[in-house]
């Protein structure tokens, strides 16, 4: 304690000033900060104000708006500090501009906030443009808000829920139905579930008169279905459907099989679209060829083109070494065979097994494994990656390129996956990754979810919006079920026997059927039992776009 007191006593005037200013920042003490500023400019020879000092004052100002008693003083003082900063020929940085943009927005001057933000060029962040965007949204100036968004997009800035909700709100208030549709889809792409405040904006649109007046009465259902297929499921993006008439927005829940308990609509597990898939596959291949021996990976790509009919790819090293960190542990061929056999039992197709050639050679030296592995190699079930290669590139590329399930417990957080830098990588994993475990000698595969917790637009034009909140099980999550009232009444008649008469008994059946998605089978015990599991590979029928839906049925 004495040392601390002595340290304060020994501080220089500048040090004492810095300490006092930091304390004002922590406590958001505007009046003391103003007094400090006045003392500093009255003694310029003692205290030389720096960029950090000015930013601290501006930070305190921008955090004093919420209190009506200090709002006006904070705005006036903030602009005074900023002008002083300019007279001292101190160049403002992004933090400075963000604070002053907030001052401008607090006076409802969105134009000045926007001009300030644009002044930092490519250094601008989401927070830099937020004041202008939110100001225009609050003032109902839709076109100016759209201009800010367009400028942000040109800088590569990704809007989050708050910004998108603001744009959705101003679009609803201005009855810009095409923009409402656009921002609903931007929310779908950006977040998994919406906050209560965003849900209220969505409900206000569907409960309004304009929403009841827009919508196609006639549309090409084949075109809609093709668009949904192209997009990876869960949306078509072709505009408002379901004709015209009042919408009905109701709170609902989704059964474990993905069926809405209010309207009966079947939700889906959403994949990345075809364009994203191709771009993703090219990105993986490009990075792989930069880091692998070019000819080796090229050879694999050519091999994969000739042998393409797989529904699943297996990260064999991950499976074989699972829970083998004990004294007698090693690569478990029994575990690998159990996974391979289980996948075959599900789809009647053999998966593609990726394993290092070095590991394959070692296993082939064991007479107990040789016949099985040679059969896998001959039947194109097993591909050995070259010596010195990273097998991650191989199994990831195969799974993406062939649109397969990927069996691995790898969380895919290593640096090679960070290199992909893809915003849709998480979505791809949710749809394609199959995790596993072994319980008392039995394999348990954890299949992808039946449906995605994300805004979904059905082929008939209805919407389902998941609400944010902690839930023990996804089946207890609250959703907004939004459909045309007339359509909903018709659906209720069609689903009466399901939703009303036998809802309870059906849910029991659904839970039982969904439990089978995490299926189990006997591992096979000893290695002698494993050696004859592969059998003969069946002739494959050509399939340009292999589907793995059969594995989840």
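In case you wondered, yes, glycine gets a Cβ from its N, Cα and C as well.
Just so you know, TrEMBL annotations never went through curation; they're auto-generated.
In TrEMBL, the annotation region 'Disordered' applies to 518-553, one of the ranges 482-517, 518-553. Within its own chain, the repeat 'PPR' (125-159) is flanked in space by residues 94, 97-98, 101-102, 104-105, 108-111, 113-114, 117-118, 166-167, 169-171, 173-174, 176, 179, 186, 190, 423, which lie at least six positions past its ends and keep a Cβ under 8 Å from the stretch.
Across the repeat 'PPR' (125-159), the model assigns an average pLDDT of 97.
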